[in-house]
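**Student:** Okay, here's the structure, questions in a sec.
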Amino acid sequence: MVPVENTEGPNLLNQKGTAVETEGSYRASGSRHPPWARGCGMFTFLSSVTAAVSGLLVGYELGIISGALLQIKTLLTLSCHEQEMVVSSLLIGALLASLTGGVLIDRYGRRTAIILSSCLLGLGSLVLILSLSYTVLIVGRIAIGVSISLSSIATCVYIAEIAPQHRRGLLVSLNELMIVIGILSAYISNYAFANVFHGWKYMFGLVIPLGILQAIAMYFLPPSPRFLVMKGQEGAASKVLGRLRALSDATEELTVIKSSLKDEYQYSFWDLFRSKDNMRTRIMIGLTLVFFVQITGQPNILFYASTVLKSVGFQSNEAASLASTGVGVVKVISTIPATLLVDHVGSKTFLCIGSSVMAASLVTMGIVNLNIHMNFTNICRSHNSINQSLDESVIYGPGNLSASNNTLRDHFKGIASHSRSSLMPLRNDVDKRGETTSASLLNAVLSHTEYQIVTDPGDVPAFLKWLSLASLLVYVAAFSIGLGPMPWLVLSEIFPGGIRGRAMALTSSMNWGINLLISLTFLTVTDLIGLPWVCFIYTIMSLASLLFVVMFIPETKGCSLEQISMELAKVNYVKNNICFMSHHQEELVPRQPQKRKPQEQLLECNKLCGRGQSRQLSPEN
């Protein structure tokens, strides 16, 4: 899914100095959270929701190209490589913004960055609507890419810094939820405008009003209090905290923020590549994890869903767009329980389950596609039939009838059909004589649409077509509970607070870069080896990601950030992790199970878990 910088802001769980004293004081009074951490009123919630609208815009822009490409490639007669560039140009802009976005956000503020990204998205969408050439289309997509990358970082940082401690995870997760809702909205839009003349313009234009409204609303929201402290405006920060927490005195939280900012200056960017606190191992774990997020193929399913579904039997634009809408529905349904249950199940467990199910569904998809006798090597070219090409050339040609003239349109369809029936016999004689004006006209139409023979949709068994769609939906669901949201949670936990933001920026750039490479070559690779073998390659990558997660990713459930950092700081962390897994499994699975009372089983489980934790955290290791 989309990379977001899940910056925790001030670590309120276990800070040094003042933070520890504050924690002890409120626990001594019997309260679970300090007063300033409990303040999550309606204003804080509405501010978070307003900022999270950026996620909706990001998801919409990521998903809308799936259906718009079906119309644009015919209108502009795009080649395979040009279609890949239309899709990937957004990622080029996102990659550029990820390299500089952190500096812009720290200099001008999180709120200002969100306002700027919303305005830029509206401008880019306007360029797309008015674009009449391939070059202008690329420029508009790059502008939107810059916008969504900047907003992805700024939104999560802003929400994390205005949210109270015990609601930070929930409020930050609103952005991820809004992203998948945006993807679903894009697929619905694809279906709604699939058969509308110039429907792609409506698809691109729907987000403009929402972007403008968000920019206006964000203008009236307060800046991040953490950003104000960074700029030396402690008085303004205190007022903002009082408004967000509904407290008259926010001195304690302000002290914690200042303390955490001092800790951040202990690390430099280059410490990520040094052995200090085993940071080199941590960044390699992070970079490899985001590599598997992209190399398992999910971005291609997101961008090319309608194209892939069209190649496996959903022949019309409307049918392919409707089927891809199911992808958006599944993403939303799967993301909600993953977000709610991650604190109880654990991110590593979700990653393992997701990778396993992804591999199984991809194998099924590949086998099914092998049995669908279609020309997979032409997936990237236009699949319009000669009938559709002639109809569109008569009805929708420049200066001809509009889509609203139904009576005349039906009349001219009859003329097109008559012309088509008279031209089809001539097509068979082109190779023999090649001397008819009508045959020349037909050849011009054929070259314009890159026509090739495609198997009749009726030749594809309905069972195989729907099994392919079902496998795709299972694959999307598995990604949405595993490699979609969980890597960004893991990345926010394995780095110390003082360097977490820079580590997230680096992994975010890696994520966009690999996404660009994969999306830029998907149609070309599919054109060379076929869709089934692409699925099998993704299967191997999913299994490799499962092995990597099992061996290298720590289970952070129930651990404080300091405990996680302490374990990862060990030089021989990887060796200890593998050995711990084998010993822990031997102890938890007795050779001769015996029936015992539930109380005895609970005591034994607590005993084994206690031994496992002591082994993991012992100084000897």
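Backbone N, Cα and C atoms are what each Cβ position is placed from, and that goes for glycine too.
The following feature annotations were taken from Swiss-Prot:
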TOPO_DOM  1-48  topological domain 'Cytoplasmic'
TRANSMEM  49-69  transmembrane segment
TOPO_DOM  70-84  topological domain 'Extracellular'
TRANSMEM  85-105  transmembrane segment
TOPO_DOM  106-119  topological domain 'Cytoplasmic'
TRANSMEM  120-140  transmembrane segment
TRANSMEM  142-162  transmembrane segment
TOPO_DOM  163-176  topological domain 'Cytoplasmic'
TRANSMEM  177-197  transmembrane segment
TOPO_DOM  198-201  topological domain 'Extracellular'
TRANSMEM  202-222  transmembrane segment
TOPO_DOM  223-282  topological domain 'Cytoplasmic'
TRANSMEM  283-303  transmembrane segment
TOPO_DOM  304-321  topological domain 'Extracellular'
TRANSMEM  322-342  transmembrane segment
TOPO_DOM  343-349  topological domain 'Cytoplasmic'
TRANSMEM  350-370  transmembrane segment
TOPO_DOM  371-470  topological domain 'Extracellular'
CARBOHYD  ASN375  N-linked glycosylation site
CARBOHYD  ASN387  N-linked glycosylation site
CARBOHYD  ASN400  N-linked glycosylation site
CARBOHYD  ASN405  N-linked glycosylation site
TRANSMEM  471-491  transmembrane segment
TOPO_DOM  492-502  topological domain 'Cytoplasmic'
TRANSMEM  503-523  transmembrane segment
TOPO_DOM  524-532  topological domain 'Extracellular'
TRANSMEM  533-553  transmembrane segment
TOPO_DOM  554-621  topological domain 'Cytoplasmic'
**Student:** Which residues of the chain, 6 or more past the ends of the transmembrane segment (49-69), have a CB below 8 A from one of its CBs?
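**Tutor:** Distant Cβ neighbours of the transmembrane segment (49-69) are 2, 83, 86-87, 90, 114, 117-118, 121, 141, 144, 147-148, 151-152, 154-155, 158-159, 174-187, 189-191, 193-194, 200, 203-204, 206-207, 210-211, 214, 217-218, 221, 302-307, 317, 320-321, 324, 328.
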**Student:** If you count Cβ pairs under 8 Å, which stretch among 120-140, 322-342, 350-370, 503-523 touches the transmembrane segment (177-197) the most?
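**Tutor:** Looking only at 120-140, 322-342, 350-370, 503-523, the most contacts with the transmembrane segment (177-197) come from 322-342.
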**Student:** Do you know the DSSP helix, strand and coil residue counts for the topological domain 'Cytoplasmic' (343-349)?
**Tutor:** 6 helix, 0 strand, 1 coil
**Student:** I'd like to know if the transmembrane segment (471-491) touches the transmembrane segment (322-342) in this structure, counting it as a touch only when three or more C-beta pairs sit under 8 Å and are separated by 6 or more positions.
**Tutor:** yes
**Student:** With the transmembrane segment (533-553) as the reference, find which of 202-222, 283-303, 350-370, 471-491, 503-523 contributes the most Cβ pairs under 8 Å.
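**Tutor:** Going through each listed stretch, the top one turns out to be 350-370.
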**Student:** Contact between the transmembrane segment (120-140) and the transmembrane segment (202-222) is defined here as three or more C-beta pairs under 8 Å separated by at least 6 residues; is that satisfied?
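**Tutor:** As far as Cβ distances go (cut-off 8 Å, pairs 6 or more apart), the transmembrane segment (202-222) and the transmembrane segment (120-140) touch.
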**Student:** So, does the transmembrane segment (471-491) come close enough to the transmembrane segment (85-105) to give 3+ Cβ pairs below 8 Å, pairs being at least 6 apart in sequence?
**Tutor:** no
**Student:** Summarise the topological domain 'Cytoplasmic' (492-502) as counts of helix, strand and coil residues per DSSP.
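**Tutor:** So the counts come to 6 helix, 0 strand, 5 coil.
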**Student:** With pairs fewer than 6 apart in sequence excluded, do the transmembrane segment (120-140) and the transmembrane segment (503-523) have three or more C-beta pairs that lie under 8 Å?
**Tutor:** no
